[in-house]
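Positions annotated as alpha-D-glucoside binding site by TrEMBL: Tyr109, Lys111, Tyr128, Asp135, Glu304. What TrEMBL lists as disulfide bond is Cys105-Cys137. According to TrEMBL, the signal peptide annotation covers 1-19.
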Amino acid sequence: MAAAHVLVLAVCGLRVALATVYFQEEFLDGERWRNRWVQSTNDSQFGHFRLSSGKFYGHKEKDKGLQTTQNGRFYAISARFKPFSNKGKTLVIQYTVKHEQKMDCGGGYIKVFPADVDQKNLNGKSQYYIMFGPDICGFDIKQVHVILHFKNQYHSNKKPIRCKVDGFTHLYTLILRPDLTYEVKIDGQAIESGSIEYDWNLTSLKKMEKSLAESKDREQGREDKLQDWEKHFLDAGASKPSDWNSELDGDWQAPMLQKPPYQDGLKPEGIEKDVWLHQKMKNTNYLTEYDLSEFENIGAIGLELWQVRSGTIFDNFLITDDEEYAENFGKATWVETKGPEREMDDVQAKEELKRAREEDEEELLMDKFDGNENVFKRFHRRNEL
């Protein structure tokens, strides 16, 4: 196991030279995480986080993450990093989450924010770029959210993506590619993928710009045609000569004049109305430079959510431009500890079952002892009579 772990780390180290890692957090330095993560003070009733690996884990230190600690609370915390733009690049967002309290209603998702987010006042109204991860509430809501901010609105993926609902740690990965395709993975396995345009019911700005360019070309063609008409036009006063023979001479056409007789909006004969009355499209400046899955100022990641029962643990945060690096990072973290985590839970479950049986046997024994004692007392009283 140790040799395999070293090999995975070596591969990850090799990929670092090729990949750009914008943010990576494993909480391996104890309480120093408090220097990197900012708890929002927007509401005094916000719940607090602690560093914990939970009641069962694969590795006591590696599995430590941010754990919610208070029931029935909103939570808001974030970490900042060097701002970047993912324009023209793949964007991979990945983390692990464990609902060891067997979540009945609450969020397990993360949010990616612009660099200018106010961390101290982070709340449900704070603008974000991406919201991704599981949300559970009752029997109806057990979904993975993938929400993108585009043209000042939030847009959800129209495909239902079911999340994991057990108490174990799971690895969630979102991949947004510059070709406007996406992929959602859980535990390293692709569970949904497709086109951002289709699955979010959006139109790419690139296509809109292409359409505008084509419209401009058509407009230029109309202008060229209009310029030709401005140089020549049919002499409306001309008439076909009386000796014109159509069979011998062909169809008669009126002669062209050099200067048009039309002015003040009067249209020359033969020009289509939409050409003559066509006006250039005004530049409304509503198009941004960035497209559906491109964000110009990514600079923070955070947790802003509600939980009825606390106990969820968030760990192994990663934002990168390299899918392979993310995959290797997942192997070096989640894959390494998922087996031992389940083994520890299994041992604990067996121990709890054993204790429960011992307690039941002890109660039966006490009941039997109490019954015998009552029989002895009744017999003793009869003898005294």
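Using the three backbone atoms N, Cα and C, a Cβ is placed for every residue, glycine included.
Remember, predicted model here, so these are calculated numbers, not experimental data.
Site extent for alpha-D-glucoside: the farthest pair of Cα atoms among Tyr109, Lys111, Tyr128, Asp135, Glu304 sits 17 Å apart. Each of Gly107, Ile110, Met131, Phe132, Gly133, His145, Ile147, Gly302, Leu303, Leu305 belongs to the same chain as Tyr109, Lys111, Tyr128, Asp135, Glu304, is absent from that list, and has a C-beta within 8 angstroms of the C-beta centroid marking the alpha-D-glucoside site. Of all the Cβ atoms in the protein chains shown, 19 others lie within 10 Å of the Cβ of Asp135 (alpha-D-glucoside binding site).
The shortest Cα-Cα distance between Cys105 (disulfide bond) and any of the binding-site residues Lys111, Tyr128, Asp135, Glu304 is the one to Asp135. Under 8 Å, Cβ to Cβ, and six or more positions away along its own chain, Cys137 (disulfide bond) finds Asp104, Cys105, Gly106.
Under a cutoff of 8 A between CB atoms, and with a sequence separation of 6+ in the same chain, the neighbours of Lys111 (alpha-D-glucoside binding site) are Tyr128, Ile130, Met131, Phe132, Ile301, Gly302, Leu303, Glu304.
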